[in-house]
Amino acid sequence: MSWQKKLYSAKIIRREIPSDIVYQDDLVTAFRDISPQAPTHILIIPNILIPTVNDVSAEHEQALGRMITVAAKIAEQEGIAEDGYRLIMNTNRHGGQEVYHIHMHLLGGRPLGPMLAHKGL
C-alpha cells in the first residue's frame, strides 16, 4: 500500500478525514493539532511525502520555503506574530519525530519558555 493511502497526513491533505485545515495550496497544508501544546498549535506539512529532514533534496526547496512563509501568514492571522511564536521540526527518534512525514509545528499564544530543559550534556 502506498504512503498516500496509509498516512493520516495524506488523508488530511486529501480531506478524507476530519481536520481543522487553516491553509492549503498546491504545495502545503496547515491544520490545527488535535493535542495542542499551546493556545495556537498548527502543523504545516508539504503535500508530498518527505519522511525526514534528512530526506530533503533540492527538489523540495519550494515546498519547504512555502512552509515558512505560510507559518508567518498564519501567525499573523492568529494574532501571535507580534508577541512571537515557535517553529519546530523534529527529525528521527532522538529528535522526537513520531510521524514520518516531515511537519513543522507552529506554537504560540502564550510565553513558551526555554526551548529545552537543561539536563546537562
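From the backbone N, Cα and C atoms, a Cβ is placed for every residue, glycine too.
Whatever TrEMBL says is automated annotation, not expert-curated.
Per TrEMBL, the feature active site, tele-AMP-histidine intermediate maps to HIS103. Secondary structure at HIS103 (active site, tele-AMP-histidine intermediate), as computed by DSSP, is coil.
In the domain 'HIT' (8-117), the DSSP tally of helix, strand and coil residues is 34 helix, 25 strand, 51 coil. Taken from TrEMBL, the feature domain 'HIT' covers 8-117.
Residues 3, 7, 9-10, 33, 37, 41-46, 49-53, 55-56, 67-68, 71, 86-89, 91 of the same chain lie 6+ residues outside the motif 'Histidine triad motif' (101-105) yet bring a C-beta within less than 8 angstroms of a C-beta in it. Taken from TrEMBL, the feature motif 'Histidine triad motif' applies to 101-105.
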Far apart in sequence but close in space: which same-chain residues, 6 or more away, have a Cβ under 8 Å from HIS103 (active site, tele-AMP-histidine intermediate)?
SER9, LEU43, ILE44, ILE45, MET89
Model confidence over the motif 'Histidine triad motif' (101-105), as mean pLDDT, sits at 95
